[in-house]
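> Below: one structure in structure tokens.
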Amino acid sequence: MGRENQTWVSEFILLGLSSDWETQVSLFVLFLAMYLVTVLGNFLIILLIRLDIRLHTPMYFFLSVLSFVDICYTNSTVPQMLVHFLSARKSIPFHSCVFQLYVSLAMGSTEFFLLGAMAYDRYVAVCHPLHYTAIMHGGLCLGLAAGCLVAGLSNSLMQAIIIFQLPLCHNVINHFACEMLAVLRLACVDISFNKVMVAISGFLVIMLPCFLVLFSYARIVAAILHIRSAQGRRKAFGTCTSHLTVVSMCFGTAIFTYMRPVGGSTAEQEKMVALFYAVVTPMLNPLIYSLRNKDVIGADGGNDDYVFKNLPGTWT
């Protein structure tokens, strides 16, 4: 399509997840319940960490920031999706679409950086427990959290400006929200430059934090291997596995969508990934990161196990 076919867009039409009325009602009930659990769970995490002085540690500070980011991310897309489930016309004004893409992309990017910061916190706690307080002081924690947010907002601002400067041929988005790749498909012109920018952004936002997480947990695993008892090692490895599960799902699905060759993912696959990030991950994070983990406390292998029981900010 040429630039002459471009259309002035004042609103977008979202195709959503289904056109069947009964399916939409069922999805409304399901996602409404998940949305309420997500908002309530993350809000309670923030409240508990704020009220309980025993939780005023770097690990729980990052968890409270993560919960705040999850609330913002969920609220950027899910309320509108719920309304559209019960609406005959699924439209969104142009400026609202821009804002939605900006906020959701900013919060998603910030979450990846936060996962990297949280992995670094665990690395210091396990590998340098005697210097943990000196290294992970309040100023560093605030700086890391602020840096994650600024990086996420900057990446999102750059992508939003580049995307919405493109001439658009139509206004029908095959998605339930204004998602980056879905909006790019509306362009009338060649989007090779945008695809390159998406790849570069994906490397900086997804792959760099992913490498930090892998490095941190590799060092953590190496430290765990020094536990002498087999039972202690099994329990400690089980603890790492439970936390790595969510990290693996987050980075794995993002790499699958944004780091594949151009055209490697379909619109339906992108919808599922967006649902995972907007609904499933924010609902699971409070459970995964806040449950008291008795496996590490129960590890019994002499003095090595004692060190793990008394790590600063350990999941206990």
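Backbone N, Cα and C define each Cβ position, glycine as well.
So TrEMBL lists these for the protein:
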- 41-289: domain 'G-protein coupled receptors family 1 profile' (DOMAIN)
- 25-48: transmembrane segment (TRANSMEM)
- 60-78: transmembrane segment (TRANSMEM)
- 98-120: transmembrane segment (TRANSMEM)
- 132-153: transmembrane segment (TRANSMEM)
- 196-215: transmembrane segment (TRANSMEM)
- 236-259: transmembrane segment (TRANSMEM)
- 271-289: transmembrane segment (TRANSMEM)
> Can you find at least 3 Cβ pairs under 8 Å between the transmembrane segment (25-48) and the transmembrane segment (132-153), where each pair is 6 or more residues apart in sequence?
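Answer no, regions not in contact.
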> Count, for each of 60-78, 98-120, 132-153, 196-215, the Cβ pairs lying under 8 Å from the transmembrane segment (271-289), and report the range with the highest count.
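Looking only at 60-78, 98-120, 132-153, 196-215, the most contacts with the transmembrane segment (271-289) come from 60-78.
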> Sort out the residues at least 6 away from either end of the transmembrane segment (196-215), same chain, that have Cβ-Cβ distances under 8 Å to it, and list them.
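Non-local partners: 109, 112-113, 115-116, 119-120, 123, 151-152, 155, 158-159, 162, 180-181, 184, 247, 251, 254-255, 258-259.
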> Quickly jot the same-chain residues contacting the transmembrane segment (132-153) by Cβ under 8 Å, restricted to those at least six beyond its ends, or write none.
58, 61-62, 65, 106-114, 117, 120-121, 124-125, 205, 311-313
> In the predicted model, what is the mean pLDDT computed over the domain 'G-protein coupled receptors family 1 profile' (41-289)?
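For the domain 'G-protein coupled receptors family 1 profile' (41-289), the model's average pLDDT rounds to 84.
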